[in-house]
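These features come from Swiss-Prot:
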{"type": "BINDING", "residues": "ASP8, ASP9, SER39, ASN92", "note": "divalent metal cation binding site"}
Amino acid sequence: MKILLSNDDGVYAQGIHALADALRDLAEIVIVAPDRNRSGASNSLTLEHPLRVSQIAENTYSVQGTPTDCVHFALNELMKDALPDLVLSGINHGANLGDDVLYSGTVAAAMEGHFLGVQSIAFSLAGTTHFASAAHFVRQLVEQHLANPIPTNRLLNVNIPDRPLELIQGIEVTRLGARHHAESMIKQKDPRGHDIYWLGPPGKEQDAGPGTDFHAIERGWVSLTPLQVDLTAHESLRSMDHWLKEKVNG
């Protein structure tokens, strides 16, 4: 078995090495990850300059690019003659819950694997401390997949509470919650007196009730959310067709 690992925190991040260590005795591990932190890169690709790739250790590659670049390169070049059985992204340093998944490079790396036909899972720790807890559930889910393959071709988004293992309740299948709009920009001055701006903190949860990923994490459960790439609002197709015919086309 062969597993491709990537992330958005960078090739030297603690999370991706905790992920690798949890699985080395189960599969051949290949790491292809950004050369630096690329959090928030979403599904962006590098188009205006070439990708520079460095092998920094056995089966470990650093890419001057985004998480999506990394998986695209790995599956279309590095591993094209022997594709991996799984693409795993993470373990992210921080949760990817609700609509955060739209910005997440961690989820995007797994999504690229999904686009290219490989079962893919994104893993995130809701903090930066208990990577051993996250690694335990990574291993559990991969072993379950080996014994009984995941019954869907959907991309999976998994978030693990940042708690000691004995304080985690188990795994719960969830839907995405939602946040309020992010807080306003933070305006500052640079040393030369020019205005600079930082993104404000994320908005508070708006939809975090039972059944959501937010609710699971808050209660000490691992959240497992199947995601789909189709962004079509299928329930609106009929009303939009009616609107177009009646209001636009006469």
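Positions of Cβ are set from backbone N, Cα and C atoms, glycine also.
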Densest Cβ environment (other Cβ within 10 Å) across the binding-site residues SER39, ASN92 belongs to ASN92
Work out the three-state DSSP category of SER39 (divalent metal cation binding site).
coil
Least buried by Cβ count (within 10 Å) of the binding-site residues ASP8, ASP9:
ASP9
Can you give me the residues near the recorded divalent metal cation site, meaning same chain, not ASP8, ASP9, SER39, ASN92 themselves, Cβ no more than 8 Å from the center of the site's Cβ atoms?
ASN7, GLY10, ALA13, GLY15, ASN37, ARG38, PRO67, GLY90, HIS93, GLY94, SER104, GLY105, THR106
Quick check: in three-state DSSP terms, what is ASP8 (divalent metal cation binding site)?
coil
